[in-house]
Amino acid sequence: MELLDSPAPLRPLHDNPRLPKADGAQKRLSVERIYQKKTQLEHILLRPDTYIGSVETVTQQMWVFDEDVGLNCRDVTFVPGLYKIFDEILVNAADNKQRDKSMSCIKVTIDPENNTISVWNNGKGIPVVEHKVEKVYVPALIFGQLLTSSNYDDDEKKVTGGRNGYGAKLCNIFSTKFTVETACREYKKLFKQTWTDNMGKAGEMTLKHFDGEDYTCVTFQPDLSKFKMTILDKDIVALMSRRAYDIAGSTKDVKVFLNGKRLPVKGFRSYVDLYLKDKVDETGNALKVIHEEVNSRWEVCLTLSEKGFQQVSFVNSIATTKGGRHVDYVADQIVTKLIDVVKKKNKNGVGVKPFQVKNHMWIFVNSLIENPTFDSQTKENMTLQAKSFGSTCKLSEKFIKGAVGCGIVESILNWVKFKAQTQLNKKCSAVKHTKIKGVPKLDDANDAGSKNSIDCTLILTEGDSAKTLAVSGLGVVGRDKYGVFPLRGKMLNVREASHKQIMENAEINNIIKIVGLQYKKNYEDRESLKSLRYGKIMIMTDQDQDGSHIKGLLINFIHHNWPSLLRHNFLEEFITPIIKVSKNKEEIPFYSIPEFEEWKSSTQNYNSWKIKYYKGLGTSTSKEAKEYFADMARHRIGFKYSGPEDDAAITLAFSKKKVEERKEWLTNFMEDRRQRNVHGLPEDYLYGKDTNYLTYNDFINKELVLFSNSDNERSIPSLVDGLKPGQRKVLFTCFKRNDKREVKGAQLAGSVAEMSSYHHGEASLMMTIINLAQNFVGSNNLNLLQPIGQFGTRLHGGKDSASPRYIFTMLSPLARLLFPPVDDNVLRFLYDDNQRVEPEWYMPIIPMVLINGAEGIGTGWSCKIPNFDIRETVNNIRCLLDGKEPLPMLPSYKNFKGTIDELGPNQYVISGEVSILDSTTIEITELPVRTWTQTYKEQVLEPMLNGTEKTPPLITDYKEYHTDTTVKFVVKMSEEKLAEAEAVGLHKVFKLQTNLTCNSMVLFDHVGFLKKYESPQDILKEFFELRLRYYGLRKEWLIGMLGAESAKLNNQARFILEKIDGKIVIENKPKKELIQVLIQRGYESDPVKAWKELQNKEEEEGDESGEESAAATGPDFNYLLNMPLWYLTKEKKDELCKQRDNKDKELEDLKHKSPSDLWKEDLAAFVEELDAVEAKQMQDEMAGITGKPLKVKGGKQGGKQKVTKAQLAEVMPSPHGIRVVPRVTAEMKAEAEKRIKKKIKSEKNESDEKQEGNSSGDKEPSSLKQRLAQKRKAEQGTKRQTTLPFKPIKKMKRNPWSDSESDSESDDFEVPSKRERVVRQAAAKIKPMVNSDSDADLTSSDEDSEYQENSEGNTDSDTTSKKKPPKAKAVPKEKKGKAPKEKPLPDAVPVRVQNVAAESASQDPAAPPVSVPRAQAVPKKPAAAKKGSTAKDNQPSIMDILTKKKAAPKAPRRAQREESPPSEATAAVAKKPGPPRGRKATKRLTSSSDSDSDFGSRPSKSVAAKKSKRDDDDSYSIDLTADSPAAAAPRTRPGRLKKPVQYLESSDEDDMF
């Protein structure tokens, strides 16, 4: 019983019939049913979807081939499993092409009536031979037994479609009858066998002898019942037919027959055409196909898709209908290139992402891939990673160019516009609301959005303060019809703004919301205007140029989006007075400066009126606001549309495409203004008393043009002094303050704003001050202010400067030598708010625009000028003074140790320094100019160390040894990588070369006209002509002033002598009688005072009351009668007579000097001080390193010095490094030529060309070792060469320049010595300055006559001097006599000439000398070599260079030192007594400046005294003995040395306005 009860699964059922069915028995049976084992054949039939896909019918869109239509995409109902088994047989046939290239034909026959399909192919058949292991013939094995294949060897790289060993067997299994016939010539047998019943029964195999061509034919009858079908319907036949076409297109050189007809497909390209017939793009043109057969394994076609991303692709003849990684691999390459093009063309539109670009592509890919993998047996999606493809598909430039032009880009751009419009429309409300929320600071009109909204006006104000003014005025006109909204600063230029900017711009969105505007709505009639919340916009801005710009931007905003609104006079402006004059209770407002000037010239006693300037709307009071709104007719000016010329004017002002037209517009304006000045005509102005409306054309051409011009004036410097207005204001203030002590940057900024009437933010002013004082490499070559504190370094390009609250500055000792105080008297000073401010331009003794360079972007023009060497420039001026042509100049940056080579006209390549230490280490010791250390580290070395997604790591490590002034990276890399990098060019690989293009040398000339210069020589020549003329004016002024002082001393001496002799008795006599006596005896009224009054009559008339003026015109003998009694003593009498004689002699000496002599004296004094300053800088830099050991408690000096030497070695270049010479190749020069041509074409761009990326290196095959050997030979061979080399070989000093001063001073000035071009003669430059009708000329001609009159002692000519005030008066009273002794001058000039000659004779690049000493050329040459050797000669060791630096220059420097003390003495602070003082006495113009109260002061009076005298701006006495006060100050503060600084990089503050 136990046995009967126990579960016995093997017991027959009839053996225990009486056994009751219990729950346990049910469970037993379910276990058997649940857990079953099937054979593989059963499994395939039971679960077909695992192997062949679904056996249920599906309906989806597919490409099919219909007899009547051809290839088309339509909804198809088919069974994927049936489609797949057919496809397996077809792909097997195509695979045979990869095994046998001679295969040429495939025949596909589909017989729906008989439910029979056959695929026949020629080419090598299946081996008809018995398999020795399986003991069965191979065809029977691979077609009739599962898990058999020839594709299982993954070590064998195959490009066939078969992969898993299922394909043909699956077709056999799902067929009622499956026949294989194959003929094998090799085995001379024909094999044939048939399987039936889903491969359940194998028929008898037949073998026959065969001697023909190989072939294989598979014929099968699908088991339609397994697919729930009864016949092969139209859809499945159409799908199979398309696969036949696929094979014809994807298999090369194979004819495909379908049902006996050959398919008309001759390759992949013609196959693609089947898809595109009758397809057109958006414009109705046939789609353009770009085709490329990349290599034997890849063929790609591309065209435009109008319904998302489409792809037709094949992997080894398999149709990958879902794509895969092979499609992504190709598509991503195309997308990357297209997206760059789209971004360029769509800078301002909606951001475009890669998938959005892809959505416009239709791509066709035919590929052969080794051992491909798929995500399923259905093989619709290829999953193999690209790195395993076994081949690459790099699309050519030609293909990419075609892709850009085939319509895809245009389609994307159209889509972008559509999307942008859609997004913008979401910002607008289509319904008019009476109340709106979420707009802060809006004071809405009560009727806005109501039925009366068309009568409402929205007042847009410039800032909150202006809103307050408008709200005050609303008290008069009421709030029902007027709303107010303040704008924050300037509006966006929507014409050129990006879509993102417009979408995110709160100002624009708020205005649209407040007014109720809708994008793309056409406001053609009055009805459409009623849909708006406001019927008008009134613009209320300051009456300055920035206010005009805001008005223009608002007009542009409306015109760009809703041009029809302008025709409805939708816009108005509210004007307020710029100036009000009042007298008693009468008040006159003026709405423009020219109108005020007209009134002034026509009103005799205008001085008696109170004049008030209104700088902005904030100046007006609430009471005045109410007055403005009460007289709405006068203050409300409507904009009136006058026709197409208005549209053209607005577009001209704001469109990016109108750059050239804008240049012409501004040029015409400048010329018109100049002509008006020349002819004394008033400026044109808009707002007269009767002005009620304004056309847009008038607004643009008469008001907005003033802003555009002022934008240029603020952004582009003057040729004369190289300064922008903000910088000039800083300099003016520093000259006027004449600080003896350093001053905080923030305090100086406040002082500038006060003294020079600066109207912009002080933050930008502080940046200007910082920029003027910076002296790191790549900034200024000559900083006009001293950087006392952290003003920025080359580590961050100056961005690491400390807050202006913490840093100090003061004038550089060189500033007043560059801008001599005596020249201030002949400059034309400007007036702002009736306050005398800075001059139109200063007049330096050298062109500062070349020394410190310039950079700025204005309206229509941009400016970019590199820095040039100070001494080269000085020598060129001396050449011009001697009647010679200036030598060509290369850009030069102070303390830059790299090289600058010329590639073409105004095209240069700047190279850093790199040397090789050993086979795995290089050392970078200089970066290209304006490549900042930190930026280089982050953007170049870090990616090289860590690698990026696209590039593997190149270096293994780097170490940093920089200081704030030097660069040193020691970089480690593998030997192989270093060899590769060296072959390409280390400068190229490590991005140590940048291009400098100077095709935008645009400057304001001396008459305020923008002019483009072709070369630095052109700038130099124009400056030279003007400066020489101003030396003539200076001489005339000095002759007049000295004549007056001489007359005064003569009168004083005669008066004393006559008093002593008793000829004049003054005791106990009335003053009137004394004056009468003096007049009778021929004494003049105070000559100095009279001369000054003559010079300043116009200014005095403006500043003083009528009564004071009258008093000043009477005779003044106080200069005689106020002399102290002790002047009657013998000593004082003799001293006075001596002063008189000295003054006469000084005057005579001056008369004998030519303007050229005066200039040469100034240059000599400047160069002497420059030497002293640079020597001091060098000394400070070396302090603590090579100089005195630092004091440490308990430390020994010796030990300390060792430490400092170690420190020095650490930051200095390694002595063992082999310098790598920068390559300047023909390829780089060709690139430069291309850039020039491109520049000519693209001159329409507003912004100037920026420094371009790294240049490519040459393709020299030689290794470093070979190249160095060749280089050494070449250098030795060319050492004496006297002809100009044609290929830049290495780093050297400036070529024609052998400057004595630079020698003594050091390695700072390294300039490539070889010039590849012959001296360029500047095309005869226009010299408008000589006979120009500018204001300056008119002024100077007046001065000439005046000087002559004064020199003769005439004092009656006050009335003739109307035009003199601005120029005649000098801020400082004392003229700085800076002429050095006669001795140094001859020294300097001839030696320079000799040096130029000497060096031009040996202009060979290999010549070591950097420059030639002032005294003896021969001994100095070796010293100079210190620099050159590093750069050029046989790669000497750094140690040699260092010893040369230390030893060789020492002696010459000492010799120089003996001459230089006088220059130090001239620095007014007289800290060092002794020898320096001797120099002072020999200054060229010695005279003590006499004032009314101190006529007997001695010539030798201390500098401090003289300086204090200059502090008084109204004191006009001139002490020609005194050294420049500015020069003096530095002597007290010797610590700060100047380095090249330029305000270019961070651009002057003016650019920020």
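The chain as shown is numbered from 1 upward.
Glycine residues also receive a Cβ, built from the backbone N, Cα and C atoms like all the rest.
These numbers come from a predicted model, not from an experiment.
What Swiss-Prot says about this protein:
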ACT_SITE  TYR806  active site, O-(5'-phospho-DNA)-tyrosine intermediate
BINDING   GLU462, ASP542  Mg(2+) 1 binding site
COMPBIAS  1098-1107  compositional bias 'Acidic residues'
COMPBIAS  1300-1310  compositional bias 'Acidic residues'
COMPBIAS  1334-1349  compositional bias 'Acidic residues'
REGION    991-1000  region 'Interaction with DNA'
SITE      LYS490  site 'Interaction with DNA'
SITE      ASN493  site 'Interaction with DNA'
SITE      ARG662  site 'Interaction with DNA'
SITE      LYS663  site 'Interaction with DNA'
SITE      LYS724  site 'Interaction with DNA'
SITE      TYR758  site 'Interaction with DNA'
SITE      SER764  site 'Interaction with DNA'
SITE      ARG805  site 'Transition state stabilizer'
SITE      ILE857  site 'Important for DNA bending'
SITE      TRP932  site 'Interaction with DNA'
Message: So if I draw a 10 Å sphere around the Cβ of ARG805 (site 'Transition state stabilizer'), how many other Cβ atoms end up inside it?
response: 10
- prompt: For the region 'Interaction with DNA' (991-1000), DSSP counts of helix, strand and coil?
  reply: 0 helix, 5 strand, 5 coil
Statement: Rounding to whole Å, the Cα atoms of LYS663 (site 'Interaction with DNA') and ASP542 (Mg(2+) 1 binding site) are apart by 26
Message: Can you tell me the CA-to-CA distance separating ASN493 (site 'Interaction with DNA') and GLU462 (Mg(2+) 1 binding site), as a whole number of Å?
response: 16
- request: Around the Cβ of ILE857 (site 'Important for DNA bending'), how many other Cβ atoms lie within 10 Å? Please give the count over every shown protein chain.
  value: 19
Task: Count the Cβ atoms, other than its own, that fall within 10 Å of the Cβ of TYR806 (active site, O-(5'-phospho-DNA)-tyrosine intermediate), considering every protein chain shown.
output: 12
Query: Pick from LYS490, ARG662, LYS663, LYS724: which of these recorded sites has the biggest number of other Cβ atoms within 10 Å of its Cβ?
result: LYS724
- prompt: Taking ARG662 (site 'Interaction with DNA') as the reference, which of GLU462, ASP542, TYR806 (the recorded positions) have a CA within 10 A of its CA?
  reply: none
- line: Going by C-beta under 8 A and a gap of 6 or more residues, the same-chain neighbours of TRP932 (site 'Interaction with DNA') are ARG794, LEU795, HIS796, GLY797
- prompt: When you measure from the Cβ of ASN493 (site 'Interaction with DNA'), how many other Cβ atoms are you left with inside 10 Å?
  reply: 18
Field: In three-state DSSP terms, the structure that ARG662 (site 'Interaction with DNA') belongs to
entry: helix
Statement: SER764 (site 'Interaction with DNA') falls, by DSSP collapsed to helix, strand or coil, into helix
Query: Just the number: how many Å between the Cα atoms of SER764 (site 'Interaction with DNA') and TYR806 (active site, O-(5'-phospho-DNA)-tyrosine intermediate)?
result: 16
Task: Would you kindly give the Cα-Cα distance separating LYS724 (site 'Interaction with DNA') and ILE857 (site 'Important for DNA bending'), rounded to the nearest Å?
output: 12
Message: I want to verify one value. Collapsing DSSP to three states, which class is TYR806 (active site, O-(5'-phospho-DNA)-tyrosine intermediate)?
response: coil
Statement: Note: in the chain of GLU462 (Mg(2+) 1 binding site), residues six or more apart in sequence with C-beta under 8 angstroms of its C-beta are PRO486, LEU487, MET540, THR541, ASP542, GLY547, ILE550, GLY616, LEU617
- prompt: Using C-alpha atoms, which one of the recorded positions LYS724, ARG805, TYR806 comes nearest to TYR758 (site 'Interaction with DNA')?
  reply: LYS724
- request: Could you state the whole-number distance in Å separating the C-alpha atoms of LYS724 (site 'Interaction with DNA') and ARG805 (site 'Transition state stabilizer')?
  value: 24
- line: Students should find that the Cα atoms of ARG805 (site 'Transition state stabilizer') and LYS490 (site 'Interaction with DNA') sit apart, in Å rounded to an integer, by 29
Query: Measuring Cα to Cα, how many angstrom lie between TYR806 (active site, O-(5'-phospho-DNA)-tyrosine intermediate) and LYS490 (site 'Interaction with DNA')?
result: 32
